[in-house]
Amino acid sequence: MQTVLDVGGFDVRKGWLSPSAQAVMASDVAAVVAAAPFFAPMTPWGKPMSVRMTSAGKYGWFTDRRGYRYVERHPSGSPWPPIPASVLDVWRALVSTERLPDCCLVNWYGGTARMGMHRDADETDFGWPVLSISLGDPAVFRVGGLARSDPSRTIVLESGDVVTFGGPARLAYHGIDRIRAGGSRVWPDGGRVNLTLRVVD
Ligand code: MD3
Ligand code: FE
């Protein structure tokens, strides 16, 4: 087995959401996007990301020339919409009923979008796991170890898969190599949405 499984804290639940639960969540996500439209994030080094983003909850993850950070408003100036109950239920079932996430980052991947290897380190307390929900076209997800130079491997994340990254895996390097366009009918126009739930502060 490779690095990540050795590191521990990395739990993939294939098909955890039934097709009907995925359909409910997709319509809840569409309502979030209607209230807080996707935008094209700009990296601090001036290159736009290929992923489109929005958020729900108290905080949204944001990036521009000033850097990465959590903000309490969409670029339009409105507060982020609430995290849908269908999404919070997954967190309650797998992480905690005591503490709920304060950010649901919504990432949209078209056929050519990708996400480079990175760590999620903008939060205050790495004791809480990050929970990821995939909806739509399959993605080739890459996960490595705690150092950028560690070996990495890929797994395919499909619609309805739920992954938690806790313990040592919370700070593992990860990214999305590519999308397998046309692999799902969850979204009428195709593409993949990934929801990540985090405790920010
Ligand atoms: C491993 N998103 O938004 S989800 C991100 O599919 C992000 O949109 C990818 O990486 C996506 O930051 C990957 C899987 C994931 C999410 C958070 C993690 C893996 C993680 C946090 C720590 C370790
Ligand atoms: Fe990440």
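Each Cβ is built from the backbone N, Cα and C atoms, and glycine gets one as well.
Residues Tyr68, Arg69, Tyr70, Asp122, Arg148 are recorded by TrEMBL as substrate binders, and the candidate that the same record lists for that site, out of Trp61, Trp128, is Trp61. It is 20 Å from the Cα atom of Tyr68 (substrate binding site) to that of Tyr109 (2-oxoglutarate binding site). The residues of the domain 'Fe2OG dioxygenase' (100-201), classed with DSSP into helix (H, G, I), strand (E, B) and coil, number 5 helix, 45 strand, 52 coil. Each of the binding-site residues Arg69, His118, Arg148, His174 was assessed for Cβ neighbours inside 10 Å, and the highest tally belongs to His174. Leu197 (2-oxoglutarate binding site) and Arg69 (substrate binding site) have their C-alpha atoms 15 Å apart, to the nearest angstrom. Comparing the Cα of Trp61 (substrate binding site) with the Cα of every entry in Tyr109, Asp120, Val193, these being the binding-site residues, the smallest distance points to Asp120. Taking Tyr70, Asn107, Asp120, His174 as the candidate binding-site residues, the subset whose CB lies under 6 angstroms from any atom of ligand 1 consists of Asn107, Asp120, His174.
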